[in-house]
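What TrEMBL says about this protein:
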REGION    1-47  region 'Disordered'
DOMAIN    54-296  domain 'Endonuclease/exonuclease/phosphatase'
ACT_SITE  Y159  active site
SITE      N200  site 'Transition state stabilizer'
SITE      D270  site 'Important for catalytic activity'
SITE      H296  site 'Interaction with DNA substrate'
Amino acid sequence: MPKRAKKNEEAVEGETGNGFASSQSEPEAPILYEDPPDKMTSKDGRASNMKITSWNVDGLRAWVRKNGLDWVRKEDPDVLCLQETKCAEKALPSEITDMPEYPHKYWAGSEDKEGYSGVAMLCKTEPLSVTYGIGKEEHDKEGRVITAEFPSFFLVTAYVPNASRGLVRLDYRKTWDVDFRAYLSGLDQRKLLVLCGDLNVAHQEIDLKNPKGNRKNAGFTPEEREGFTKLLEAGFTDSFRELYPEQANAYTFWTYMMNARAKNVGWRLDYFLLSSALLPGLCDSKIRNTAMGSDHCPITLYLAV
């Protein structure tokens, strides 16, 4: 069966997605993941007092039309981080810009291409400071990173560049990985850090349905996986794997093609990474895989800080 792209982004974003190869031996009954009950207490006995949700919305305006904000209001995070907004600030829908629940809203978009990339951060409490990008023009012009400083930690939300169909941006992605890791390490030396977003890599074979068919596809190349490994080695922890090390079939992205979501033929591309010193306060790391409105589902972090 031919390999397929994550989604047809070329017309709207110029960035093709993760290659998608279907397994030849899929079971007739899909193996679904059930998000377990939320854990509200950390290992050291503290109650969660910070809830962060991250969601690649695959186009903010379409996501709003698909009632994504209804789900957000029910989830009710303290901070909402969005990726792949594909929307210039001047074109943001009033349904989100006027949300009273989040009086502090921050947007970043592509300088060169309208309808490309883009991230957002909506906060109930005003951060101490907010910055955009990572301090390198070649990366920052694409509107991929927002950093907010809170009293006890930095929160970084990121939409990591895709290596693209045919791996035409793999070299650029490798440069990004080095520069982004240096940026995060610099922050981590100043204050503890939470990174969330679409990191555009399935780290291990357990993190996608069909690893054998995707080893040469964007999102599962050895180079991208090694970049993620080096990020962990720099002192950050994958919160979901910390709590659920053996949990298979837990994905956050499914191509729109071939009925992949119903079959749960997916990838785990969305993460909360934590400075290792934050781990004692980790309560839960959730994959909200029943929430619709995008080809990604939201993820939520409960933290005691």
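Using the three backbone atoms N, Cα and C, a Cβ is placed for every residue, glycine included.
What TrEMBL says about a protein is an automatic prediction, not a curated fact.
Just so it is clear, the model here is predicted, and its values are computed rather than measured.
The number of other CB atoms found within 10 A of the CB of N200 (site 'Transition state stabilizer'), across every protein chain shown, is 27. The two recorded residues, N200 (site 'Transition state stabilizer') and D270 (site 'Important for catalytic activity'), have Cα atoms 7 Å apart. Take the CB of H296 (site 'Interaction with DNA substrate') and look out to 10 A: across all protein chains shown you find 24 other CB atoms. Cα of Y159 (active site) to Cα of D270 (site 'Important for catalytic activity'): a distance of 9 Å. Mean pLDDT, taken over the domain 'Endonuclease/exonuclease/phosphatase' (54-296), works out to 97 on the 0 to 100 scale. H296 (site 'Interaction with DNA substrate') sits 8 Å from D270 (site 'Important for catalytic activity'), taking the C-alpha atoms as the reference points. When other Cβ atoms within 10 Å of the Cβ of Y159 (active site) are tallied across all protein chains shown, the result is 25.
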